[in-house]
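Peer 1: Got a structure for you, questions after.
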Amino acid sequence: MDSQYETKKNDPNAIMPYPESNDEHVGEVRGLGGGIMDKEPEAQEGHAKFHRLGWKRLTVVLIVEAIALGSLSLPGAFATLGMVPGVILSVGMGLICIYTAHVIGQTKLKHPEIAHYADVGRVMFGRWGYEIISFMFVLQLIFIVGSHVLTGTIMWGTITDNGNGTCSLVFGIVSAIILFLLAIPPSFAEVAILGYIDFVSICAAILITMIATGIRSSHQEGGLAAVPWSCWPKEDLSLAEGFIAVSNIVFAYSFAMCQFSFMDEMHTPSDYKKSIVALGLIEIFIYTVTGGVVYAFVGPEVQSPALLSAGPLLAKVAFGIALPVIFISGSINTVVVSRYLIERIWPNNVIRYVNTPAGWMVWLGFDFGITLIAWVIAEAIPFFSDLLAICSALFISGFSFYFPALMYFKITRNDAKSQSKKYFLDALNVVCFVIGMGILGIGTYAAIQDIMDRYDHGKVSKPYSCAPLA
C-alpha cells in the first residue's frame, strides 16, 4: 500500500488509498480522496465541490483572511516608529511575505497531499513535527476567532454608545452568533462570495477614516501643516514598545497560515502565483497608504484602531461600514480549523465532504463548538489581547517566516536553475529565518512586558466583565 501511495501522491487528481485509521498513521499527510468511501456518489460530488477555487477567488479568500481591521492599527505603529521606518517596514515585510508565500506554494505543488499547514510538519519532521505544528495551527486560529469576538464587542459598544448600560457580554454573545452563522458555508469558493463584500467594507472604512481625519486636522489651528508627525521614532522609545509596533506591521501580512488550506481547494493549484502577488501588492498599497496618510493627518495622538480618531459620529459610521469585515474575516478562520479537524478525525469517511445529513450535523457541531470555545477564552482571560500577541509572536513567526525558510532548505532548494540563483535564495531564506527567530524571541518578550505594564497600571479587566471594552 505504501508503494501505491508513493506512485499516486504527486497526481493532484488521484483517488488515493489510505491505511486504516490506527495510531500508526494518525497525522499522516493525505492525498485527495479517502479510500473506499470515495467510490460513493456523495464522495465524488464532495470532491468536485471542494475543488472549484480559481486564482481570482483564491485572491479574494486570501484578502478576507489577511486584511481586516488590523490594517487600521498601522497608523499607531507609524506613530511609534516614525514615517520613514514605518514605510520601509511596511513595504519590506510585504515583499518578504510574498516570497515566503511563494515557497509555500512551491511546497504544495511538490507535495499535493499537503492539505493544511500541519501536514507540512510531517513532511519535514515526521510525526512530532505534525503534532507540534497542528497544535500551533489550531490554537492560533481559535485565538484569532476570539479576537474577532472582542472586536465585534467593541464595535457594538461604539455604535450604541456602550448600549446605554447594556452589559458588554451581550455584545460578545451577539458577535459570536454572527461569526457562527457566517462560518456555516464549508467551501472556500462559497466564502469567496462574501469576500467581495468584505473587501469593499474594509476599503470604505479606511477611506472614511482617512477623509474624516484629514478634514478634522485641516479645521484645527494651523491646518495639516501643524500636525506634529515625525520621520523618525519617538523619543524615549523602549524596546518592548518599539517591537510591539513592528509586530503590528509584521502580523498584518500573516496570511501564510491558511495558504495550504486554500490551495488544497484550487482546481489549478499552479495558478497560486497570481493570487499571492495580487494580494501582496494590494496589502502593501493599503497598509502603507493607510499608515502613512492617517499618521500624517492625526500625528502621534492617533488611536488604534485609527477610525476612533475620526470623531465620535464618523467613528460610528466607519465601524458600521466595517461590520462585514469584522465578522467575515473572523468566520473564515472557523471554517479553516473546522475543515482541518474534521478531515483529520474522518479522513476515510464521506462526512468530511459536508454533503450528507451526518456531514452537516458534524460540521455545524464543530462550527458551534469552535466559536463557543473562542468566545469563552476571549471573555475568560482578562489579558486576552496580550495573550494573542504572545501566541502571534510564537506561532506567526513560524508560519510566515522560519517554517517557509525551512521548507526551502528541505524541499524546494534544488529547484533553482543556476548555482548563482541558489546562493541568492540561500541568503534570502537565511534572512527570513533570522526575521522569524527575532520575532519569536523579541516579540514574545515585548508582549509579556506589555502584560506586566498593564497590570502595573491597573488596565487589566476582570473575566466576564460587563464593563465597556476599549
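Each residue, glycine too, has its Cβ placed from N, Cα and C.
Sharing the feature lines straight out of TrEMBL:
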- 1-11: compositional bias 'Basic and acidic residues' (COMPBIAS)
- 52-449: domain 'Amino acid transporter transmembrane' (DOMAIN)
- 1-21: region 'Disordered' (REGION)
- 58-78: transmembrane segment (TRANSMEM)
- 84-104: transmembrane segment (TRANSMEM)
- 132-157: transmembrane segment (TRANSMEM)
- 163-184: transmembrane segment (TRANSMEM)
- 191-215: transmembrane segment (TRANSMEM)
- 242-263: transmembrane segment (TRANSMEM)
- 275-298: transmembrane segment (TRANSMEM)
- 318-342: transmembrane segment (TRANSMEM)
- 362-381: transmembrane segment (TRANSMEM)
- 387-411: transmembrane segment (TRANSMEM)
- 423-448: transmembrane segment (TRANSMEM)
Peer 1: Which residues, given as numbers and ranges, are at least 6 beyond the ends of the transmembrane segment (275-298) yet have a Cβ under 8 Å from it?
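Peer 2: For the transmembrane segment (275-298), the far contacts come to 55-56, 58-59, 62-63, 66-67, 71-72, 74-75, 77-79, 83, 86-87, 90-91, 94-95, 97-98, 101-102, 105, 203, 206, 209-210, 213-214, 216-217, 224, 227, 229, 249, 252-253, 255, 259, 306, 309.
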Peer 1: Any chance the transmembrane segment (423-448) and the transmembrane segment (163-184) have 3 or more Cβ pairs under 8 A, given the pairs are 6 or more apart in sequence?
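Peer 2: No, since the transmembrane segment (423-448) and the transmembrane segment (163-184) share fewer than 3 Cβ pairs closer than 8 Å, they do not count as touching.
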Peer 1: Can the transmembrane segment (132-157) be said to touch the transmembrane segment (318-342) if we require at least 3 CB pairs below 8 Å and skip pairs under 6 apart in sequence?
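Peer 2: Between the transmembrane segment (318-342) and the transmembrane segment (132-157), which are separate recorded stretches, there is contact, as judged by 3 or more close Cβ pairs.
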Peer 1: Would the transmembrane segment (163-184) count as touching the transmembrane segment (318-342), if touching means at least three Cβ pairs under 8 Å and pairs must be 6 or more apart in sequence?
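Peer 2: Between the transmembrane segment (318-342) and the transmembrane segment (163-184), which are separate recorded stretches, there is contact, as judged by 3 or more close Cβ pairs.
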Peer 1: Report, as numbers and ranges, every residue of the chain located at least six residues beyond the transmembrane segment (318-342) whose Cβ falls under 8 Å of a Cβ in that stretch; write 'none' if there are none.
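Peer 2: Here the qualifying positions are 61, 64-65, 67-69, 115-116, 118, 134, 137-138, 141-142, 144-145, 147-149, 151-152, 155, 158-159, 175, 178-180, 182-183, 185-186, 188, 191, 194-195, 197-198, 201-202, 204-205, 208-209, 212, 258, 261, 307, 310, 351-352, 354, 362-363, 366-367, 370-371, 374.
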Peer 1: Which listed stretch (191-215, 242-263, 362-381) has the most C-beta pairs under 8 A with the transmembrane segment (84-104)?
Peer 2: 242-263
